[in-house]
Structures are given as C-alpha cells and as structure tokens.
C-alpha cells in the first residue's frame, strides 16, 4: 500500500466534511421532534379549536402526533429506495447538492406552520425532510467510501454516524425549554435545518465528484486522475487508477445490476444478505427502546431534571462514536461489530434484572442507568456506525447503488416497525421487553461471526472478488476459509 494512501489531505477533509453535513441533518431531524411534544400538541389543539370551535379529542391528538413522528420514517423509506435514481444520473456530489432543495422546502413548511395555523404543513414538512434523510443515508456513505483511500475508509466512514449522533445531541440541547423547545420558538427549532442545508450548498461546489463515478460510470479518466491527485495530495495515483480500471473491466463483464438481480445472482446473494442483516442489527438492537425508557428510569433514580440525563446519554453516544472512529482501522469492522453486539446483550440482561427488581430494590435504578450508558456505548462501538459504511465496501461500483438502496430501505422499514410496535410490545412484556432484544442481539452475533467477512485494508475489487470466488458455495465454508481471501487473518 502506498504511503500517500494514508494521508489526510485538506481536499479530502473538505469533501468528507461537506458530505456529513447531510448526516448531521439526519440526526437532528431524528431527535428534534421529541422534546417539544407538549407544546406542539398544544398548537394542534389550538388549531383545532380555531377551525372547529371545540377542543381536539385525545384519540385524534394521539393519532396526529403519531403521524407527525412516523411520517418521517415513511419519507425515509421512499428516499432510501430512490438513491440509485439519482447517483448514477447526476453523480454523487451533485445528488447531495440537489437534495438540499427538499430541506429548504421542509424548513419553510415547518417554520410557518404556526403562523399559517396548519398542522398539515408541519406533517408534510416532516415527510419531505424524511425523504431528504432517506436519500442522505445512501448518498453520504457512498460518496465518503468512494473518495476515501483504502487505509482511511473505515475511519472516514464512521464520520457519517458521528454526524448523526452530533445532530441528535444538538437537537436535544436546542430542544430544552430554556432554549427553543418552548411555545414561542418551536417553529424555529424545527426550521433551523435550513442553516446546514445552506452551508452544504456553499461547501459542496468546492468538493470534487467521486473519482470512481467519473472513471467507471462516465469514463472520464483525465478528470478522475485530476481529482485523485487533489484528494491524495500526490502526483502519483497510478495504484488507485489501476484498481478502478480493474473494477471497471469487471463491471463491463457484468450485466446491469437491478435490485432483483442482487437476490437472484449467487455472486451478490451473500453480500446483500449481509448488508440487510447488519442494517437490521442496528435497528432491532433495542437502541430506540433504551432511549424510550431512559427518561422514566432517570426519574425513578431521583434525577431532578431527567432531560439533562438524557442529554448525558447523548454525550456518551457521541464520545464512543469518536472511539470507534479511531479504532476501526486497527481492530477491524467485524471485530468491533461483534464486541458491540456482545456488550449490548450483556447490558440488556442487566437492564432487565434492574427494571424487574426496581419496585423491591430502589437502588436498582442506578444499575439501570449504568446499563443504559453501557448499552449506548457498545452500540456506538459497532452496530451504530459499521452497518452504514460496510455496505458500500461489500459491493463493486455496478451493484453498489442498488445495494445501498436495499440496505437503506431495510434500515428505515425496521426503524418504522420498531417505532410503531414497541409501545404495544412494551405494554405486553413490561421490563422483560429487553429479553426480546437480548435474543435478537445473540442471533445477530452468531450471524456476524459466521457470515460477515473483514473488509479492513481491502480494496473494493478485492472484497467483491472474495465473494465471486466463493459464489453460491460460500455458505458451506468455515469462518476461517470465508474470511481468508478478505483479509480477516491479517494482524491487528
């Protein structure tokens, strides 16, 4: 591997930084709706009274609020499934740039919903920003993976998740009643998303297009070479160009890859299964359930302002994403994912014990707080960041957009299902709901151990070749045989 491949140049930092502004938007819009729930519900009631001369029924209010929250995921499902329509036609960078129009429209709708006395404007704004975020979850990991050198691909790929958790943390802080989570400023809280959108519109024109897109999709070798020189900070980019040309030759031998082809072809069936299961391991891990439980647990523990403790968990969230950023290229993706899943399973068991004994032993609430922080920390070590960028690593240039669309759709759909069903399952199971997540985490651990290869330090073509060599027979190999061509046996 060339020394230049480990260099973090200014142009590379600008490109990745410009892209992850979209990740920040995703995180912010995920977390922003929770804090101002009561004041927005009051706005819904006032609007209803203004229109119909009577207070809104509690059931209608609950339905409207649930729709306001869930419509974001519906938009995300549609957006994530549409990734391939844009990236191959307009390019990776230009697609990110164009999508900011959705953020501006959403900001206007939500920002003026109170003035217009229209909760429909708010709900439509949530849907539109959901579409934007669904597209972002495909665009950002793809672009970052394609501009990054092999030696830095995992670390820079983790920045997508870091952007998400920082966005959530900002939303939690801005959502405090003393800042913007009050009856006067909540429209600004929801519409402030125009600022990162505007910033991205300013930054992205100075960022290069993906060199892989230029060479492999557009056959513009000179432009790709020029971009690579700027990204790598060196005049000698022969190694990168040769790798891309080899991938391009391989792509020309393959027919156009559709979403159905991903599941039909033996060469793609294994990696798409891995991609989907890793996305499910993120959303079905119970992380959303933990955040759901956290406020009530902090209250039972005697925390005077549970919202500040929730922000504390957001800080833990961010801190351990940074830890993952620094160790992912040393420890490897597979190892960190396994550690994260195992740690989360242990914390889920602790949480179940603590919640079950909370009434008899009040001090158990402190154990549950430790379990919450531990659960969040282990999530950000593996299942949080890794599923996002490993999907881009598992596929060559041809099938990558379709694969990212399928993986993103799986993530958003499972997110939607958990959001809609968790409260009913929790009412049925009580504190024992975490037993369900423990079982799922163990199953995901087993799958990861036997099926997921290590991609650390390997080029896209080497990873794809590993799957092609195995073909349909890979599932019959031992973990050692499966991981060998992909470098899992290399020294940490």
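First residue shown is number 1, and so on along the chain.
Backbone N, Cα and C define each Cβ position, glycine as well.
With respect to the membrane, residue 48 and residue 113 are annotated on the same face, judging by the topological domain names in Swiss-Prot. Checking 226, 396, 414 against Swiss-Prot for the annotation phosphoserine singles out 226. Matching 25, 37, 242, 282 to the cytochalasin B binding residues that Swiss-Prot gives (137, 388, 411) identifies 282.
Excluding the listed site residues 137, 282, 388, 411, the same chain places 279, 283, 387, 407, 408 with Cβ atoms within 8 Å of the centre of the cytochalasin B site Cβ atoms. Just going by CB pairs under 8 A, the stretch in 67-87, 156-176, 335-355 that sits most against the transmembrane segment (121-144) is 67-87. The secondary structure of residue 411 (cytochalasin B binding site), as reduced to three states from DSSP, is helical. Scored on C-beta pairs under 8 angstroms, the neighbour of the transmembrane segment (67-87) with the top count among 12-33, 307-328, 335-355 is 12-33. Listed recorded positions near residue 465 (phosphoserine): none (candidates 137, 226, 282, 388, 411; Cα-Cα distance within 10 Å). Of the residues the record lists as binding cytochalasin B, namely 137, 282, 388, 411, the two whose Cα atoms sit farthest apart are 14 Å from each other.
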